[in-house]
Amino acid sequence: MEQIRLLLLLTIRVLSGSAQFNGYNCDANLHSRFPAERDISVYCGVQAITMKINFCTVLFSGYSETDLALNGRHGDSHCRGFINNNTFPAVVIFIINLSTLEGCGNNLVVSTIPGVSAYGNATSVQIGNISGYIDTPDPPTIISYLPGLLYKFSCSYPLEYLVNNTQLASSSAAISVRENNGTFVSTLNLLLYNDSTYNQQLIIPSIGLPLKTKVFAAVQATNLDGRWNVLMDYCYTTPSGNPNDDIRYDLFLSCDKDPQTTVIENGRSQRGRFSFEVFRFVKHKNQKMSTVFLHCVTKLCRADDCPFLMPICSHRERRDAGRRTTWSSQSSSGSAVLSAGPIITRSDETPTNNSQLGSPSVPPFQLNAITSALISGMVILGVMSFSLLVCPLALLHRKGPTSLVLNGIRNPVFD
């Protein structure tokens with residue numbers, strides 16, 4: 001009788017839990033609780049901010065998906081989420097497009113981060129922080145027995161990316177150069193192009209560039225006479241728009257150069273040019289797309305003195321270095337950090353494709369079941385044939401020496 005009562009209680013509990021979750025992909029044993037901080041996931045993507053909220057705990061708290069809205073905009077259907085019941089647990093998804101990030105009252109705060117480049121130049125980057133919340137409406141009564149739900153989120157991006165995330169942003173820098181007869185100011189720009197003609201600027205599709213796509217970069221100067229050239233000291237990449245990011249990958253620095261990077265022109269004219277193949281940062285391994293920002297530390301140098309400011313890499317240049325004359329402090333200007341990006345790259349989802357991108361495209365040799373069986377049969381047949389050939393030879397070899405040592409009676413006829 002006690003067992004029947006226990007079974008009846010368990011059945012009632014399961015039925016009540018199923019009724020409470022209304023057939024959604026929830027577990028009454030796991031999700032019969034109020035929401036916690038772990039019930040929201042925030043993804044700061046390259047084109048949108050995505051929030052996923054555990055819908056099961058929302059149901060347990062007595063609310064539905066229509067009760068959740070961005071920043072208290074419960075009367076605006078565009079500020080609500082939608083349910084995805086194909087996951088466990090079921091979730092409510094909110095998506096904020098970066099192109100319309102302030103549509104539902106999200107807050108954008110701009111701050112400036114100071115920094116110092118490798119050459120000691122002071123740099124600053126403007127960062128845009130997007131923040132907001134998702135909540136339930138206040139009840140019309142004085143008291144309520146339902147808990148109020150509140151989920152907060154925040155994402156940070158380079159400001160130039162938020163201004164127009166559909167196009168590449170490029171920074172410029174003004175360099176002041178002092179001469180004997182005065183001072184002039186030249187403006188430098190870092191631009192990205194599709195091909196080696198440098199006619200059409202780089203256009204990135206919404207799905208991103210495939211890995212190993214070749215991108216052509218150019219540093220150009222304006223308001224510059226023929227006595228001065230552009231010299232790129234070094235160029236590197238970061239996953240964010242901050243040139244001082246702790247994660248960086250050098251494309252070329254002094255005599256060291258990335259194997260996929262080609263310096264086309266540097267220090268020989270009023271434009272520096274190079275190309276490189278796009279990649280993804282490993283820190284973006286859980287994302288379908290990766291962001292790459294390009295930075296170049298650049299200066300102006302006198303056309304006659306630029307070769308002397310280039311790094312000495314070959315043995316001949318080292319031998320001839322002693323013949324070089326000294327130059328004055330007016331031979332070059334101060335350095336400036338130029339940035340461009342983001343370059344959005346997409347990663348193939350299959351590991352095989354990723355590994356093939358970094359190796360020669362030689363199709364791997366694979367054995368199917370039939371081929372393996374044929375090879376195995378040929379090996380067995382060869383072993384048996386070899387055994388049949390070796391055994392008689394071994395017997396003959398064993399009998400031969402024995403017959404040679406046989407002794408008989410001497411025949412007198414041969415005397």
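Cβ from N, Cα, C; glycine included.
In summary, of the candidate residues Asn129, Asn164, the record from Swiss-Prot lists N-linked glycosylation site for Asn164, whereas the others have no such entry there. Between Cys235 and the candidates Cys255, Cys296, Swiss-Prot records the disulphide pairing with Cys296.
Between Cys44 and the candidates Cys79, Cys104, Cys155, Cys255, Swiss-Prot records the disulphide bond with Cys155. The record in Swiss-Prot pairs Cys255 in a disulfide bond with Cys313, which is drawn from Cys104, Cys313, Cys391.
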